[in-house]
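A.B. asks: Heads up, here are the entries from TrEMBL:
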DOMAIN    1-415  domain 'Major facilitator superfamily (MFS) profile'
TRANSMEM  41-62  transmembrane segment
TRANSMEM  74-100  transmembrane segment
TRANSMEM  130-152  transmembrane segment
TRANSMEM  159-179  transmembrane segment
TRANSMEM  241-261  transmembrane segment
TRANSMEM  273-294  transmembrane segment
TRANSMEM  314-337  transmembrane segment
Amino acid sequence: MPAPSCPVTHSLCTWPQDLFGVSMVVPLLSLHVKSLGVSPTVAGIVGSSYGILQFFSSTLVGCWSDVAGRQSSLLVCILFSALGYLILGASTNVFLFVLARVPVGLFKHTLSISKALLSDLVSEKERPLVLGQFNTASSVGFILGPVVGGYLTELDGGFYLTAFICFSVFILNAGLVWISPWSDGKRGGAKDGPRWGQSHALWGRTGSGTQAAARPPQVEVVATLRGLWHLLGSAAWDVLLVRWLMALAVMLYHSNFVLALQERFGLRPRMAGYLLGSGSALGALAGLALGPVLRLAGHQPRQLLLHLSALTCLLLLAFAATRSVAVMVLCSTLLSVSTSIGRTCITDLQLSVGGAGAGGALLGLGQSVTAVGRVIAPLLSGVAQEVSPCAPPGLGAALALAAVIIMSLNRPHSGSDGSDRLKSE
């Protein structure tokens, strides 16, 4: 398989940097909001506000990136997210804390826009491999960020220093995106302008891209949302449903992981930390192994996702049923690999269904679907936990089985043209 082009290599080195900054701050948020003197209930409401904002904004920002262009939308999202972390660094009361979460909740969609842009830059055959490399770079940020943030927070005023460093990382990223190779010659050009003309066939419309470009951006966004609704009823519903089921299954597994190790196996939380840390490292390495895995699967991401979902179902079931520490560690290790590769496959399928002009919209909708899972998972986990410590991963296995059945009963759908040429040409 050919190596990624220079703009793609630059992108893989640039965009995941903000995850390093975010992962420094996010683990410290609960401690900081507690230090502001609010009750646990208020802290929970404040924490859930981010997910609610993400649910409503993900699809809209994704559609906007399809219409306005990836570079401009990515820059705006980075800069507004930077503003949020700057306010967070000055949050000496709960009002400022809540205010800081608003721009981040509305505009922290850099990952989905970046993935859509990668899809624009590479051929359909290269896309899963490049997305796997992107996820690997992202995982590295999540591995290093909490370590740096944990060290800095022990300093005097450490949280505020950490938030300011995160703000600086976002500003640096904005500059790198602005000067990146794929932006040369595109400012104000066709490829950075409205893209609705590229996706008329997807929505069953006719007309030229020149006529579409003459329409106001807000009209384009509304038209994209209508087309997205049509697509949901015909080709994309099963992909998004599988994404939701698998995300919810994995969230249920993680929801009581530390408690399960303590109650079922008598292990201390430190062991859970070791397993989670090693799982993140394995997830990063799994992204690099995606190329050989895809070759074994005949370059069929949907078929690979079906097999990985079945494997995840069996591993969750084994994790719920086992009483052996060795089997538990094996299941946890393999789950890190299967879920990491599975996320890349489901992203590739969404981009295939959306085609060239609606990738951002579908990825944004996928983020909204995941946000719903984040709201539901704690409730389901709490109810299942009342039954047994084994119930949350057992319920996750049932949801994964449902995803496998849905994929088995539905034929593949693709919104791409099947061409292997670079989309950037």
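Heads up, the Cβ atoms here are built off N, Cα and C, so glycines get one too.
Because TrEMBL annotations are produced automatically, they should be read as predictions rather than curated entries.
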A.B. asks: Short question: most Cβ pairs under 8 Å with the transmembrane segment (273-294), which of 41-62, 159-179, 241-261, 314-337?
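C.D. replies: Most Cβ pairs under 8 Å with the transmembrane segment (273-294) come from 314-337.
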A.B. asks: Below 8 Å between Cβ atoms, which of the listed ranges 74-100, 159-179, 241-261, 314-337 makes the most pairs with the transmembrane segment (41-62)?
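C.D. replies: Looking at each of 74-100, 159-179, 241-261, 314-337 in turn, the most contacts to the transmembrane segment (41-62) are made by 74-100.
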A.B. asks: Please tell me whether the transmembrane segment (159-179) and the transmembrane segment (314-337) touch - that is, whether there are at least 3 C-beta pairs under 8 Å between them, with each pair 6 or more apart in sequence.
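C.D. replies: These two stretches do not touch.
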A.B. asks: In terms of Cβ proximity under 8 Å, which residues at least six beyond the ends of the transmembrane segment (314-337) contact it?
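C.D. replies: Cβ under 8 Å, 6 or more out: 249-250, 253, 261, 264-265, 267, 275, 278-280, 282-283, 286, 390-391, 393-394, 396-397, 400.
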A.B. asks: What else in the chain is close to the transmembrane segment (130-152), if you only count residues 6 or more beyond its ends and a Cβ gap under 8 Å?
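C.D. replies: Sequence-remote neighbours of the transmembrane segment (130-152) are 4, 8, 11-13, 15-25, 27-28, 111, 114-115, 118, 122, 158, 161-162, 165, 277, 280-281, 283-291, 340-341, 343-344, 347-348.
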A.B. asks: Please report, as numbers and ranges, the same-chain residues at least 6 past the borders of the transmembrane segment (74-100) whose CB is under 8 Å from any CB of it.
C.D. replies: 18, 21, 25, 32-33, 36-38, 42, 46, 49, 61, 65, 106-110, 113-114, 117, 160-161, 163-164, 166-167, 170-171, 173-174, 177-178
